[in-house]
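If you look up TrEMBL, you'll see A:6-24, A:59-79, A:85-106, A:127-144, A:156-178, A:190-211, A:279-306, A:331-360, A:381-400, A:406-429, A:436-455, A:475-497 (among others) marked as transmembrane segment.
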Amino acid sequence: MNLTYFLFFLCIVGCTLIITHWAARREQKTTHGVARREQTTYQFYTAAQSLTGFQNGMAIAGDYISAASFLGIAGAIALGGYDGFLYSIGFLVSYVVMLFVIAEPVHHLGTYSLGDVIAARFPDRKIRLTMAISAFTISILYMIPQLVASGLLLRLLLGIDYSISVLVIGSLMTVYVVYGGMTATSWVQIVKTVLLMSGTFLLSLIVLARFEWQVMHLLEFVKKGTPLGEQFFLPGNLFANPVEILSLNMALIFGTAGLPHILIRFFTVGNALEVRRSVITASWIIGLFYVMTLILGLGTVALVGWSRLVSVDSTGNLAAPLLAQVLGGDFLLAFISAIAFATIVAVVTGLVISATTSLAHDVYNHLVKRGSATEGEQLRVAKWTAAGIGVLATLFSLGLENINVAFLVSLTFVVAASSNLPVLLFTLYWKRFNAAGVMVGMTVGFVASFVLVLFGPHIMDPKSGWISRGALFPLYNPGLIAIPIGFLGAILGTLLTRKEADEDLYMQVFVKAQTGIQARGSRRWDS
Amino acid sequence: MHLDREARTLFHSETFSHLMRMKKRFIIPCLTLLVLFYFCLPLSLWFYPGPMSRLAPVIGMPWGWLYAFSQFAMTWVLGWRYWNKAKQFDQLVRQMKVKG
C-alpha cells in the first residue's frame, strides 16, 4: 500500500478511536452533574439524550448515507445518467414521511428500541419478540452487504486482502459500540458526515472549476464521454421495466420510515423540537449530498470517460475514486478512499448498536428477565451482545467474499416497509388495531418480502443466480407487492379477529405519542 | 382505573381536540400532495416517456429532470412548513401541560 493511503487510513482509525475513548470517559463522568463511576444503559443506548437536533441530524445522515449511496449512486449516474439519479429521490423524500407521522411519536413512546414503541400499546411478550426479531434481522441483513462491500472495495482501491479489510472494519465497529455505546456511534457518524460532505463538496468544486463554472460546458463533455450520447440525459437507460422503477420508489419512500437503526436515533435527543430539527437537518444534508453526487457522476463521464470507468469496474462503483485521481492525483484519491472507509465504518457501527438493542434490551431484559435485570447486568449483557454480533457478522462476511449479496440491501428496505411500517403506523394512529393485527401484519410482511426476493431474479437466474432457472417473480425489487401485503395483513388480522382493542390504553398512548404527555395521576403534567 | 379515566379526559379535552384538528388539517393534505407528486414521477416516465424527455421552455432542461429536481424542492419546502407549523402545535401542548 502507498504511504499516502496508509496515513489517511491511520488518521481515520486514530480519530475514531480517540472519539470512542472520549465517549467512554465522558459517560463515566457525569449525567446531570452527578459524578458516576460507571456507564449506564441510558447512556449506552441513547447517549443520555445529550445530542442537539443538529448533531443528531448529522448523525442520521452519517447512519443513512452508505457506501452504496456515495460510490453506488455516483457510479449509477455515470453509467445510466437520468435513471441513476432517480435512486436518490426516494432516499430523500422518505424523510418528509418520517417527519410528519413517525419521528415525534417514536421519540415520545420509546425508551431504547422500536419494541418499546409497540409495547407501549401492546405489552405482549410475543409482540416484543417479533419486533426484536424483525429489527435484528433488518440490521444484520443490512450489515453483511456493507461489510462484504467494504472488503471488496478496499481490495479494489488499495489492494488490501479482502479478509484483512473485513476484519479491520468488523473489529472497529465492535470496539466503537462496546466501549463507547451510542455516544461513540453518534460522534463517529458526525465525523463521517463532515468528512463526506467536505470531500464531495471539494470534488464538485474542482469539477465545476475545470469547466469554468459553465454547466452547459460540462454537459457537452458528458455527451462526448458516454456511448449513450443524448440518450444519457433521458430515462430508460438502467430500468427497462417501468414497473421496476415504481416498485423501487415504493420501497425507498416507505422503507426508510421503518428502518430501526434510523428510528432509534430519535431517542438520543431530549424533546420533540430537537427531533424535528434532527430530521430537517438530515434531509438538507442528504439532499445536498445527492445534488453533489450528480455533479460527481457527470464529472466522471466528462473527465474519466465511460469506457475507462467500465474497464476498471463494470458496476461503476469506482466512479468517485477515479474522478478524484484524475482531479487531484494520488493524494485526492487517498482522501476519497479514506472517506469511503469512514462511510462504511459509520454505517455498520449504527447497525451494530441497533441489533444490540433488539437483543440485549428487548429479548434479554424484557423477555428473559421480565424487565428486572439490574443496571450493571443489562450493560454487561449489552456489551457482550455487541461483541457477539460484531464477531458473528464479521465471520459471515468473511465467508461471503465470492457471493453476490447486494440484493440484501433492497431486501432490507422492503422488509422495513412491509413489516415494520404498517405495524408502526397502525399502532400510532388506528384505534381498532389489535395484537392479532400486529402479529399477522409483521409476519405476513416479513415472509412476503423474503419469498418474493427468493423467487425473484436476484436469486433465480439461469446464468448467475443461486438457483439456476428463470425467476418465478419478475421484479428485482418486490416492494410493489410486498408492501401492500404487509398493510393488508395488519388490517385483515385486526378485522377478522374478534379481540377488541383496549380503547383506554389507545387514548393514553395516542395522547403521549402526539404530545409527550403521560397520564400521571394527580400530579401536574410538567412536574 | 384512575390512569385510564385521566387519559380519556385528556383525549377528549378541548385543547387536545384542537391540536389534533390542526395537525390533521396540515398533515393530511401535505402528505397526500407528497405521495401523489412523488409517485407521479415514475408513473409519468412509464406512461408519458416522450413528453418527459422533451425540453421545458425557457429553462432548456428536459421535463424529467425538472420534475426530479422539484422533488428536492418539495422535500425542503414541506420540511420548512412543518417546522413553522409545529411551533403552534408546541404552544397547544404547553397549554395542555399548564391546564393539567
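Any Cβ shown, glycine's included, is placed from N, Cα and C.
TrEMBL does not curate its annotations; it predicts them automatically.
Here the transmembrane segment (A:156-178) has long-range neighbours at 1-2, 5, 13, 16-17, 20, 147-148, 150, 184-185, 188, 313, 317-318, 321, 337, 340-341, 344-345, 348-349, 351-353, 356, 383, 386-387, 389-391, 393-394, 397-398, 401, meaning same-chain residues at least 6 beyond its ends whose C-beta is under 8 angstroms from one of its own. The stretch in closest packing with the transmembrane segment (A:331-360), judged by the count of Cβ pairs under 8 Å and taken from A:6-24, A:190-211, A:406-429, is A:190-211. Contacts between the transmembrane segment (A:436-455) and the transmembrane segment (A:190-211): absent, as fewer than 3 C-beta pairs lie under 8 angstroms at sequence separation of six or more. Remote same-chain partners of the transmembrane segment (A:381-400), defined as residues 6 or more beyond its termini with a Cβ less than 8 Å from a stretch Cβ, comprise 41, 44-45, 140, 143-144, 147-148, 151, 163, 166-167, 170-171, 173-174, 177-178, 181, 348, 352-353, 355-357, 359-361, 364-365, 373. The stretch in closest packing with the transmembrane segment (A:85-106), judged by the count of Cβ pairs under 8 Å and taken from A:59-79, A:127-144, A:279-306, A:406-429, A:475-497, is A:279-306. Through the fold, the transmembrane segment (A:279-306) approaches residues 53-54, 56-58, 60-61, 64-65, 69-70, 73-79, 84-85, 88-89, 91-92, 95-96, 98-99, 103, 193, 196-197, 200-201, 203-204, 207-208, 210-211, 218-219, 221-222, 224-228, 232, 319-320, 322-323, 326-327 of its own chain, all at least 6 residues removed from its boundaries and within a Cβ separation under 8 Å. Among residues of the same chain six or more beyond the transmembrane segment (A:59-79), those with a C-beta under 8 A of the stretch's C-beta atoms are 51, 85, 87-88, 91, 146, 149-150, 153, 185-193, 196, 200, 237-238, 256, 261-262, 265, 268, 278-279, 281-282, 285-286, 289-290, 293-294, 296-298, 300-301, 304, 306, 309-310, 315-321, 323, 339-340, 343-344, 346-347, 350, 409. Contact count against the transmembrane segment (A:127-144) (Cβ pairs under 8 Å) is highest for A:406-429, out of A:6-24, A:406-429, A:475-497.
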